[in-house]
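To start, the structure itself, in structure tokens.
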Amino acid sequence: VSFVSLDIERCDLESRINNTTHHTDQNGLDRLIVRRGLPFTITLHLRSGSQHNSNLCLSTGPLPKEQSGTKSTFSLTDSASKTAWSASTTSPPGNVVSLSVSSPPDVPIGLYSLTLDQGQKVKLGEFVLLFNPWCAKDAVYMEEERDRQEYVLSQAGLIYKGTTKRIKASPWTFGQFEPGMLDICLKLLDENPKYSSDADADCSGRRNPVYVTRVISAMINSNDDKGVLVGNWSGDYDDGVRPSHWTDSVAILHQWADNCCQRVRYGQCWVFAAVACTVSRALGIPCRVVTNFGSAHDTNSNLLIEFLYDEDGNDISDDSVWNFHVWVDNWMARPDLDAGYDGWQASDPTPQEKSEGVFCCGPVPLKAIKEGELNLKYDAPFVFAEVNADVVEYVKLTNGRMVKMGGSSMDVGHFISTKAVGSDERHDITHLYKHPEGSLQEREVYERAKHHNDLQQKGQEPGLKVKIKVSPDMDIGADFDVFAVIANNTEADKTCRVMFYARIVSYDGKPGANCGFIEDLTMEVPTGKGQRLPLRLEYVDYGDTIKSDRLIQLVLIVIESSPREFHKAKRTIVLENPDIAIKLLGEPRVNQKLSAQISLENPLPEPLQNCFFSVMGAGLTDGKILIQNVGTVGPKQEAKYTVEFTPTSIGSRTLTVDFDSDKLSNIKGYLNIEIKE
């Protein structure tokens, strides 16, 4: 088939029209960024021409090959194809040829080169091809537009932390469309070890969101490679940034890329997950950040968390249960598995255990976790244990004998949370990870529990019962009481030895300094009665050692004298932060200066030194973090900052604020702003 040999004056990649059609316009309109499975148009402006064959060549990666799917050559006169690259042409009036280029929905993503071959090759330009959640044939297709708006296009979100009793939302700027982000995310793929060992196989693998998600999980942490973040749970962050100080992925990814892929110090689980979410959304894979409260870390893969204590209550075990742990869910089809496992897949970039020799985890279908299908790819046993492991507790006596102190199938996997679609509400997705209370599976667990005696009618189990109750107001800087409660649901009076203590703890369960203690108190508990023992926690005792997580672990150990039985209760509390007040001064309009008044009251009974506000917002602060030193703030005094910024795009935007000081840090606030024309 013949066609005019094209003497090209210039090529217009029509990035403004194409990017808008392909939902990539938030990346900007100055370069072509398109999604696979959807045609895009380019315009060739000609000087002259003669009859001759012309072919279009598309390639990605350093060693493109037809058989790898990283290179394709085809005639301009081909009609559009749904299974291979193709281009159809039209010739409007004048020396113009319009090409409609169609990509299959399963080709590799990445940076492509576009060349015209007429015997002599002419490079027309470059473009980026992304996954396409709008294309029904793409493996990442999402049916609902509101879901795509949230999980692909939203640049701001909420991450949940705290404890099951006190869940707190913290704002985060993903910023996947901020300047430079897409190129950095593509660079991250090129820095992975699989690319170094076999670049063409790696680029070919980028057709598959399962493969790409696994690469992202490995590259967000730096344990095996030139990955982005160093994990640090020690409390010593002097040679880097404290994990709780980060409020956005943009600063982290820029720091990594601008410093020749040097590891960024430091991250913890929510930072790893948030950066993974940014990279996933930037590449077109729908993603959400997920928090699991009471999250188990099973080190020996037996689906059992085995806690071992000495007689003084010291934890001497390897397994752990974190107060919370954060990972991501990615949305995709799983043609590599049997039918029924498409949809949300759990993936965890926090380095905990190795998978196929590398610190990464997932993706594994949520349905596989819920149904206990632990033979499915990838890392199903580990994720299952995180949300569903049983807990068994033992005391190791001084004579070496092991005494079972307790256990539960109910301690792990609660309030699994993510931000709701289109609102700032918390969406509980526990039911997607595990069966609900009262289901057949839960009943089977229940039937194996110990038998009830006559006290069952009162809703009480027989025996000595211990628990910890707390005050409603536990603000940072305040003094308050917590309570040990001992109930005697037996027919005999009980003499008990009681130990009740409080200690600082980090969110991953590692204990710190003690901040309250009642030791070896002997207490009489009459039959059918209860005793309530207060423990006073004072700021003077916890203030100097509490970490930025603001977590205090309460441990109650009760030993019956006859028969000699051990009982234990444990509870972690999170102290409430003061709120950051954010008030807009003026009408929010695009490209017009806007001010916001920010304030925070110091709740501590002592001054705060080196007080800083950090302010960031995609489309608001020009990709920068605005920092203001407000110096020293006395007790009950306010730290204040009036920030000025110029919104650069219309629509809903989120201004996030972080407050930092010597004694009070990790204080977050945010304000949603609707920018008008």
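In case you wondered, yes, glycine gets a Cβ from its N, Cα and C as well.
Beyond the ends of the region 'Disordered' (51-74), by six or more residues, the same chain brings 1-6, 84-87, 99, 101, 107-108, 110-119, 121, 129, 199-204, 207 to within a C-beta distance below 8 angstroms of the stretch. Look at TrEMBL and you will find 51-74 tagged as region 'Disordered'.
Taken from TrEMBL, the feature domain 'Transglutaminase-like' covers 261-351.
Taking a C-beta cut-off of under 8 Å and a sequence gap of six or more, Cys269 (active site) has these contacts in its own chain: Trp322, His325, Val326, Trp327, Thr350, Tyr507, Asp508. Feature annotation from TrEMBL assigns active site to Cys269 (among others).
Residues or ranges marked as active site by TrEMBL: His325 (among others).
Sequence-distant contacts of Asp348 (active site), defined as residues of its own chain at least six apart whose C-beta falls under 8 angstroms from its C-beta, comprise Ser217, Ala273, Trp327, Val328, Cys360, Cys361, Gly362, Asp379, Val383. TrEMBL lists Asp348 (among others) with the feature active site.
Annotated Ca(2+) binding site per TrEMBL: Asn388, Asp390, Glu437, Glu442, in sequence order.
Residue counts for the region 'Disordered' (51-74) under DSSP, split into helix (H, G, I), strand (E, B) and coil, are 0 helix, 12 strand, 12 coil.
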